[in-house]
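Below is one structure, written out as structure tokens, with a few remarks after it.
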Amino acid sequence: MAPEPPPLLTMDGITKSFPGVRALDGVDLEVRAGEVHCLLGQNGAGKSTLIKVLAGAHQPDGGAITWRGEHVTLKSPIAAMRLGIATIYQELDLVEGLSVAENVYLGHEPTTAGFVVRGRDARTAAAALLRRLGHTEIDPARLVGELSAAQQQIVSMARALSHDVRLIVMDEPSAALDPDEVANLFRIVADLTAEGVAVVYISHRLEEIRRIGDRVTVLKDGRAVASGLPAESTPTREVVALMTGRDVEYVFPERPAQLPLAEPLLTVRGLTRRGEFAPVDLEVRPGEIVGLAGLVGSGRSEILETVYGARKAEAGQVLVDGRPLKPGSVRAAVRAGLGLAPEERKAQALLMLESITRNVSVSSMSRFSHGGWLDRGAEFKAARRATRELSLKPDLPSAPVRTLSGGNQQKAVLARWLLRGCRVLLLDEPTRGVDVGARAELYAVIRRLADDGLGVLLVSSEVPEVLGLADRVLVLREGHVVHTAPARELDEHRVLDLVMEGSPAS
Amino acid sequence: MTQPATPAKQEGPLLDGGGPRKSTSGDGAGPWSGRLFRPDVRTLSLIGVLVALALIGGVTKPDEFLATSNVQLILTQASVIGVVTVGMTFVITSGGIDLSVGAIVALASVWATTVATQEYGFAGILFTAVIVGVGCGLVNGLLIAYGGMVPFIATLAMLASARGLALQITEGKTQMVSIPSVLDLGERDAYLFGIPPLVLVFAAVTVIGWLVLNRTTFGRRTVAVGGNAEAARLAGIDVRRQRLYLYLLSGLCCGIAAFLLIVLAGSGQNTNGNLYELDAIAAAIIGGTLLSGGRGTITGSVLGVLIFTTITNIFALNNLESATQQIAKGAIIVAAVLVQRRTSHTP
Amino acid sequence: MPETPRLSAAATRRNLLFGAAALSSGAFLTACTSNEPKESTGGQAADAPVADDKPGKPVTIGFAGPQADHGWLNAINVNAKERAKKYKDVTLEITEGSNDTAAQIGQIDTLINKKVDVLVILPADGKAMTQAGLKAMRAGIPVVNLDRIFANPQAYRCWIGGDNFGMGLNAGHYIGEQLKDKKNAKVVELAGLDNLELTKQRTEGFDAALKNYPNIKKVARQAAEFTVESGQAKMAQLLQAQKNFDALWNHDDDQGVGALRAIEQAGRDDFFMVGGAGALSAMQAIESGDSVLKATVLYPPTMAASAIDLARALGQNKGIGGMAEFEIPSSITLYSAVVTKDNLKQYMSTGFK
């Protein structure tokens, strides 16, 4: 590319807000024809919002998009598709009950007289696309549900190519692939770019970005902190520094100087679920916060849910106070004193139609009942004490829980376990959906609970959160614990190195 | 900061008396907790519909409609389907559905009126009706809670089998009841202070149902399972056992309803309970119970039943055709649901 | 007339069958006279072979009815079975009853394939089952259509059934005679399932009869569903609505069980009641004389026994006694007798449970 061609796509000062969150705060992005442009950034930096704007799934609040020199608005996914922008999401959006060819041509089937689908033509065309992608072994007539994850991704790509595509957005395409499949993916990307198609490539793996990327844009807190860096020559350190440098420093509560020496409350030995995580050992002592750091798909949430019995362990033991728990039984875990604040609060923890009180008391109902008969006065008072303990606002125990902010909903979940008298709290992404101001308060609450003698096992994809809050940190990569250390001996760069490069340090 | 996290004990610091009260609201045991009946917009709108119907009845047939005997009649006619609806309300609140209620009523009513059962007299009939109901509920519950079947399918299968079995038992014949004590219960002489015994049973089932749903851990668990089964499971509730109990409860209500129907009709017939499932679901839904689960109201369901029964009564008193009655019933279901959409702010 | 060559080439039985079609449609009369088996005998009534109890040529009769979920329908099955048992030369192929038209069509197909000699069909829905009747007839199997009539006369060789209009008419006349001296007499009607045509016919007959009695006024009519439960519910409402009236006509004795229960519960005895169909329980109540039920108008389930007789006669190529014609009639409408305490003895045995 000797003379600088005009950029294929320019995004200029894109902003997008959701209630309580400013997801994109003036992002600039420039993509040239035939290049692989990598997007980097931590979770919550705004990558997925940005690609959804690009795909037409989200409408930006402000900013301009220029496509091949013309100002455009991407009103809908179809509008983006018509311009030649295709997106391959991490969660593949294929219809499992339809065939490969039907999926590829879903919504733009070759037809006779406008409505009679010419199935044979679709299969022939799909076969040609699959050949172009180097996957002749996929039969266009097969059901997508019968294919492997890697093959499904190929189908998704074939679908993108079935349009006259000029830009393909790939959201962590390598996450579900093994090394051979990744090599094939890279070959496809190379072929596409050789044909002049641009690729926006999102990945957490710096090594991949070095291998196939041309330029890198780094997002942080909804802004592009660096654009158009050369992918090959920018040092890892600089990229990580760009990703982690923060405008808002979280205020973390102080750690106790020394943890009291005590027998572990929670002991996990050799806990295993194939395909999710390798044998895991860990201990949590009273007053201790243990953090699990890792990327999405590293097995952190799965470990937490298996400890809790929500998933059944294939091997290994969970012991509370030295007594083993019945595997796969949430009730046994709760009875032994475990409490989970799950990642998806609304879907997994809260009864959205119910009041704060009822959400708090749901795990302790037997304490307020005599022969199944509820003493609602006692229930109300106890729930209110628990919510006041955590400064849940507003202090209206009869208000529906759905009216609370994210942070206060999380407090309602914590109050539930506080009321239950739980001994070990399992926190999965405790600050997800909680705005920045409320986080510090939540951190203080968690630390206070630990100071009062609880054990806490914390999972977070936000490295600073784990480092700031936990006493001890286990770093996970693809289901393996790659490093264990006291939090004060680690810094963000080191953890990001570990989770992204995966060089085992222990 | 006290120590909030000590192991659960009745005497834990969380539970003894609260400190100084400084909240803006929510003092005492909550704004509503002391009252037995909490009128909300929905309940009031249902009462409004009932009052409007009473006015229509009173204006069109003043002598007949407002007579004590007519009130007794409306309540008696509401009793059988009303008891079924109470059970149905629990099931729907938990996010389930029971399509087999009519068939269970039919089966229980014919099983309890066979010649063999009648040899055991009053107790034999009552016991058989209840046991058959509970037994069918148990099968439903096991299939759904532990067999992993979808409630719609499991109870549809029960509907077919129970109706078939009822037909097989009766061979299509009407089984007359010859036990005087059973028959007497449906007569005017058995009224207590002017209240028919059937209505007393209906009232008792309603009150007990209300208390169980609103005042017990069982009711709370029902709502939790219906509102968010996954959250309930992760909160430590045994969701499957709860589901089993709920279908048992629905079966029990069907058994009681079958006994009431035997008393009312003085016989058992395999055609009994025709389309009860639809009537019960309709009454629960217009009453304000969410078909998707998570919210249920016994008061609303009973009002729903009374509305339907009153409509039927007014039509019959005015000698209107059955076709007109059906059209009006459909229109009222639609209107009631639309009114609720307007008056409730929940999704 | 595409059928003509095929039919004229057929066996004797089919000629007979064709003759029947001619009788009912008229148009084929000339086309078939040359094949009439009895044409040459000159037509003396005495010569006609008449079906009797003596064993004759073996006949296999296929019987398809709806699900017996109702006392009257059950009585139909019982009557058919017991009648067939009476004859040594009759084999009865009875299908599982079904209320589903599609299922019943399938059952009739099966009977056709089994090559039964005669079919007796009580359709779940007469009009909807017409094709099944036609198919059997075309396959050369004469069909005795029981009660619910096919839409096309070619679909049966002989129809036998009750008279719904006549039922209402006789009920009306009976009530009219009882009340003819009373001024401003009031009657109430508890009808059956309003979706059914037969309910409308019964009501029309009833109204037609009442026109003869200007002193009588029908003050209320409500429709129940032929079930005890609905009979009780609707009667209770009627009693509430009508504080005094003189007579009640109830279309069906099964729902009458519920109606009587409601009357008993309301403690009313200021009127008399006439039932319908002829259930045993109704006849017993009439006999005992201590209930309001004073009469019931028959809709006799014995028609099933007669249908078996007709089928046997068809299968054996015989006519029926007491008539001048050689062939059995193409249509037989039964009389709806009014059963009262006076003539009860004679009908008691036909009462169904």
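Placed from the backbone N, Cα and C atoms, the Cβ positions cover glycine too.
Note that this is a predicted model, so its numbers are computed, not measured.
Look at TrEMBL and you will find B:1-31 tagged as region 'Disordered'. Summarising the annotation, TrEMBL assigns transmembrane segment to B:41-59, B:71-92, B:99-116, B:122-143, B:150-170, B:190-213, B:244-267, B:298-317.
Among the recorded stretches B:41-59, B:99-116, B:122-143, B:190-213, B:244-267, the one sharing the largest number of Cβ pairs closer than 8 Å with the transmembrane segment (B:298-317) is B:41-59.
Contact between the transmembrane segment (B:122-143) and the transmembrane segment (B:244-267) holds: at least three of their C-beta pairs are under 8 Å, each pair 6 or more apart in sequence. The stretch in closest packing with the transmembrane segment (B:190-213), judged by the count of Cβ pairs under 8 Å and taken from B:71-92, B:150-170, B:244-267, is B:71-92. Ranking B:41-59, B:99-116, B:150-170, B:244-267 by CB pairs under 8 A with the transmembrane segment (B:71-92) puts B:244-267 at the top. Only residues 6 or more beyond the boundaries of the transmembrane segment (B:99-116), in the same chain, are considered here, and those with a CB under 8 A from a CB of the stretch are 80, 84, 87-88, 124-126, 128-130, 132-133, 136-137, 140, 152, 155-156, 158-163, 165-166, 169-170, 175-177, 250-251, 253-255, 257-259, 261-262, 267-277, 280. Beyond the ends of the transmembrane segment (B:150-170), by six or more residues, the same chain brings 91, 96-100, 102-104, 106-107, 109-111, 114, 136, 139-140, 143-144, 247, 268-270, 272, 277 to within a C-beta distance below 8 angstroms of the stretch.
Sequence-distant contacts of the transmembrane segment (B:244-267) (same chain, at least 6 residues past either end, Cβ-Cβ under 8 Å): 76, 79-81, 83-84, 86-88, 90-91, 94, 96, 98, 101, 104-109, 112-113, 125-126, 129-138, 140-142, 144-146, 155, 174-177, 182-183, 185-186, 197-198, 201-202, 205, 218, 222, 273, 276.
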